[in-house]
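What TrEMBL records for 224-457 is domain 'Histidine kinase'. The transmembrane segment annotation in TrEMBL covers 6-22, 29-52, 58-81, 93-119, 131-152, 164-185, 191-211.
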Amino acid sequence: MYSILPAVVASIFLAYGLYVVCTKGFTRIGISFLVLCITSAFWQGAWAFLFTLRDPHMAMFVVKFGYLLILFLPTSLYHFLTEICERTEERRFVYASYAFAGILAVLLLGSDLLVSGYYQYFWGYYPKAGLLHPLHVLQTVIVVCRGLYITYREQQVAELGKRIKLRLCIGAILIYFFAAVDYLCNYGIEFYPPGVLFIAVSLGVMSVAIVRHHLLDPMTVASTVGHEMRTPLTSIRMLAKGMEQFLPTLLEGYRLAVEHGLLAPSIRPDTVKQLSKATNSITQEVDRTTVVIDMMLASAKLDRIDTDAFANYSVVQLIDEALERYPFEQGERAKIYLAAMEDYAFFGSDRLFVFVLFNLLKNSLYALKAASKGEISISTTRSAKFNYLCFTDTGAGIATNVLPHIFDAHYTTKKGAGSGIGLAFCHQVMAVFGGSIRCESAVGEYTRFTLEFPVVAGTQAASNPQLHHSTPPG
């Protein structure tokens, strides 16, 4: 009878995980939540079996097996919160916590230091805490509190949709805390462990946060809007190209008709000049908007990127391509020059790399405009272990208190402009490439982004640095 509840709840845990994965796909968030649910399900499944046993030897085996999964449960919760908060820099602590749980697992299986037998309560057998069991309790407190802290901090700066999702997760963590009452049973206090109910409610709230409130996520909305805008933008560009072909003839006909007195001048001369430039302006704005949409869609799909499609690409060729494709405003291209360029190959996506450069160009051009001065230089260098791309502008610079946050998702200093997605996107892309991006800056002097790529084996051909001076396309 006492095994019914954990058996039912184990099924619910699995249902939660499968529901999220089937609904949202195998994203980093979905996978981490599935791991959390599977860990919880096997733990409760083991307890359901344990509560039916009467054989002490079999009970001891199940106690060890069940507790093996409990050791990883707090870290899997921490892992999930790290992913939902998009704290990529936090992952090293998550991996360290998994490693510590692994050490405890070795102690569990190889000694009685963590679990030293079992108690026989009215509902069945239950693990007895060993000498080092408080280490597991301490780890649980630390990682759950850390997860709560990063979630709380993230919701303070998140936009509305994500803030709702994160606040639901905070509520779920607080409910999860009540499950710690089960630890008392490990120390000889006899009562039926109710923690499973708190965890069931907690994971239920988290699954709702992922699935229902993900619909409010700005990247999801942006992705939908972006797809819907593509067709009308393409139509506008085609119309602009048609106007570009025939409008000069119409304007010339109007000018001749006015000159010969065949038509009264009904259009002001300055308006005629504006019309002659309108088609080019429309095309540029459409191209600029299309680039923004493409970057937005790439950001929305980054956690589902197919790395099987990655290949080796020349960094210099893609820099040239990015400079050729970027929709510069008048005079902007002349502010960019290429310094010492050593070509090398990197393993990744040409499309994502070009979008990284687009984001850096956009930010640097904004900094130059804000400072009313400066220029942008791009250089590449090679070394034995890593290859580098340096992207430097001598614009406004970044304040010291802002610099640590520039790669955080949705963090922006552009009042009324910008979503805070660009540099977070660059950080994610470089991580997917197996590299990194870092920034150094001095206010009023410069900002330098350094992209670090791992060397691709067999592609580091010898070549001499070439000095390229950029010239605006004619």
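Each residue, glycine too, has its Cβ placed from N, Cα and C.
Keep in mind that TrEMBL annotations are predicted by a computer and have not been checked by a curator.
Counting C-beta pairs under 8 angstroms (sequence separation of 6 or more), the transmembrane segment (131-152) reaches the transmembrane segment (58-81) with 3 or more such pairs.
Annotation: stretch 164-185 has the most Cβ pairs under 8 Å to the transmembrane segment (191-211), among 29-52, 93-119, 164-185.
On the 0 to 100 pLDDT scale, the domain 'Histidine kinase' (224-457) averages 83 in the predicted structure. When Cβ-Cβ distances below 8 Å are used as the criterion, the transmembrane segment (29-52) is approached by residues 2-4, 6-7, 9-11, 13-14, 16-18, 20-21, 59, 62-63, 65-66, 69-70, 72-73, 76-77, 79-80, 82-84, 123-126, 196, 199, 203, 206-207, 210, 303 of the same chain, each at least six residues removed from its ends.
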